[in-house]
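Note sheet for the following structure.
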Protein chains: 2
Amino acid sequence: MERITVQVNKPYDIVIGKNLIDNAVKYLSQFIQKRKVLIITEDNVNKHGYLDKLKYSLENHCENIEFLSLPPGEAQKNLKNVELIIRYLADAHFTRDDVLIALGGGVIGDLVGFTASIYLRGIAYIQVPTTFLAAIDSSVGGKTAVDITQGKNLVGAFHHPVCVLCDTSTFQSLPTDIFEDGCSELIKYAMIMNPKLLKELIEREQPLNKESSDLPEIIYECVKMKRDIVLKDEFDQGLRQLLNFGHTLGHALEQRSQYRISHGRGVAMGMAVFTKMAVTQQLIHKDIYTSLIQLLSEYHLLSEKPSYTSDQLINIMLNDKKRRTHQMTTVLPNEFGQCRLHVIDLNTFQQNFEKEWEQYEVHQRY
Amino acid sequence: MERITVQVNKPYDIVIGKNLIDNAVKYLSQFIQKRKVLIITEDNVNKHGYLDKLKYSLENHCENIEFLSLPPGEAQKNLKNVELIIRYLADAHFTRDDVLIALGGGVIGDLVGFTASIYLRGIAYIQVPTTFLAAIDSSVGGKTAVDITQGKNLVGAFHHPVCVLCDTSTFQSLPTDIFEDGCSELIKYAMIMNPKLLKELIEREQPLNKESSDLPEIIYECVKMKRDIVLKDEFDQGLRQLLNFGHTLGHALEQRSQYRISHGRGVAMGMAVFTKMAVTQQLIHKDIYTSLIQLLSEYHLLSEKPSYTSDQLINIMLNDKKRRTHQMTTVLPNEFGQCRLHVIDLNTFQQNFEKEWEQYEVHQRY
């Protein structure tokens, strides 16, 4: 069992280990005693019994515990569900003392975190991530959001959980492709700020999988990296944008495909295209691009190039939160295991992207 | 022209004076240069020409300026309008650099502030209050919210404006009853923390009206009081709850009457009932209650007692944000011009309120 503290205004712990849900009360009792608890989860998670285990561990220790289960999928991360949860909380007379628990992947975590941030101007919530991706990325750092038709995560808030309980046993039931989506974020961490991790990932004999014995260690490493970045730039004014490597295009692909392209696959293609852009701009040697492509391939993260035109994608990317009125912040590799922010004007961004996107299939053959 | 600075994380100024809108660019240029600006206003404000004046002053100084005008009334402060504005912003590619302006009363200010707080996880907004009530209360302090069926202000955020431009000339066009609604908040400030102001209000020969020459001074006093409270308790954990004197019942009356009872009238009745409660509990001499009733009557703030039962009102008050799981914070006068917070258990609150509400009509005859 590992514990990482995030020293924000109201510090909170991220607890990482096996079978934590079975004994959840040990970690969460201080947040639920004499409180009303609403667990929000999704049908797949529910099916694997994690909800029952969590309820069983907590139910005699809080005032009462209820749950809502939503269908799976990014489409659930919408304003309608925010309103649904809020009306539920108001009808059940939840107060600022009470607490929400997000039991699920990034969709549930983002939705619950955002809802908690606006109900009564903010109530407490606990993250219990059940996917590798949520464990290493979305459950940490206090960014919460929902999607609107015009774009992903365009509505949200900064609202930290009071605790993150990361039970790695829950990954056992993940479909392989969902696990691999998390590997895309893992590769992202390595690419932006960890040459040692990048080297290890490239050189490992067996690709990481949900049975790997070093999974908790790797989660610990990623969470620490994210924690350190968040502490330096809690409100996403600079450094934190590094974490968005591959995401501007990734989000556009997710959205344009109506989320048929997953977050991990979208980000993977985003990393590939923008790393190629760094080669074109002679920021890095093409070997780094080749290594990245090999790594992404090992984890089955590079899908067919979709037929969207660069104009279609640019139009979506212009709604990205990282855009300023006349400029765009892009994240590009500038060394093996290191990325940098580049603020460029919108025209240059459009031209660069257009060229890269048109040539993308060719260069994938590296 | 007066200027008050609020020293929060990102300090901002409240500028108070006559005919400020005609020269708005003088105060706002730093927030709008090279930015997109969306003014959100309401049809009544629009009718009196303030929107045109504001646009005229700003239009050559920002990238572009557009507006949305909503019908008047509390019913507009809802999640549907939040979504409407958000979709407008996303369609117009508003970025984190761009800015919203709330031109109107408390409804517009609360709605715009909340929307600004969640679009792209927070963009800048400017308050231009056009009612006395918004000027002295809702436009200052960063509390933003919308209503849901279950209660007033149950969904919201803490999000400070980048500037408040308080043009007292706009009050000239206020209907008398809307101006008087603001006087209810003025009397509240006097009751909770300003014996000198309370004495002045009681002793003045002419009740304050929208032509009174000392109006800017009085606004300045109120804003300073609010600023000082907000700085001591930005996130409403204690002291700031004093500002809610009369509001728990006031909100319940507004909501139960579907907002036919105005905020000012609701708060006035709330102050009357809770001041009477303080007399019953022997916290204060009944002369304070008598003075309050006289003052509220002078401003035509005491309407007929509505026929709602105490149970109906208690049920709504239980959804108040000030309630904790087992306790309620009530604000009661404990001296002339001074209130205190009393944390009491829910049963005691219910009993006290029931008694006071049943007897309320009788005691109004004081």
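Cβ coordinates are placed from backbone N, Cα and C, and glycine is handled just like the others.
Taken from TrEMBL, the feature domain '3-dehydroquinate synthase N-terminal' covers B:69-179. Look at TrEMBL and you will find B:Gly106, B:Val107, B:Ile108, B:Gly109, B:Asp110, B:Thr130, B:Thr131, B:Lys143, B:Lys152 tagged as NAD(+) binding site. Marked as domain '3-dehydroquinate synthase C-terminal' by TrEMBL: B:182-322. If you look up TrEMBL, you'll see B:Glu185, B:His247, B:His263 marked as Zn(2+) binding site.
DSSP gives B:Ile108 (NAD(+) binding site) a helix state. The closest partner of B:Asp110 (NAD(+) binding site) among the binding-site residues, by CA position, is B:His263; the full candidate set was B:Glu185, B:His247, B:His263.
Between the CA atoms of B:Lys152 (NAD(+) binding site) and B:Glu185 (Zn(2+) binding site) there is a gap of 17 Å, rounded to the nearest whole number. Rounded to a whole number, the C-alpha distance linking B:His247 (Zn(2+) binding site) with B:Gly106 (NAD(+) binding site) is 15 angstrom. When secondary structure is read from DSSP and collapsed to three states, B:Lys152 (NAD(+) binding site) falls in the strand class. Here NAD(+) is bound by B:Gly106, B:Val107, B:Ile108, B:Gly109, B:Asp110, B:Thr130, B:Thr131, B:Lys143, B:Lys152 per the record. The longest Cα to Cα distance in that group is 21 Å. A distance of 14 Å separates the Cα atom of B:Ile108 (NAD(+) binding site) from that of B:His263 (Zn(2+) binding site). Cβ environment of B:Thr131 (NAD(+) binding site): B:Gly104, B:Gly105, B:Gly106, B:Thr170, B:Phe171, B:Leu174, B:Ile178, B:Phe179, B:Asp181, B:Gly182 lie under 8 Å away, each six or more residues apart in the same chain. Take the mean position of the Cβ atoms of B:Glu185, B:His247, B:His263, the recorded Zn(2+) site; other residues of that chain with a Cβ within 8 Å of it are B:Leu133, B:Asp137, B:Asp181, B:Ser184, B:Lys188, B:Gly246, B:Gly250, B:Gly264, B:Gly266, B:Val267.
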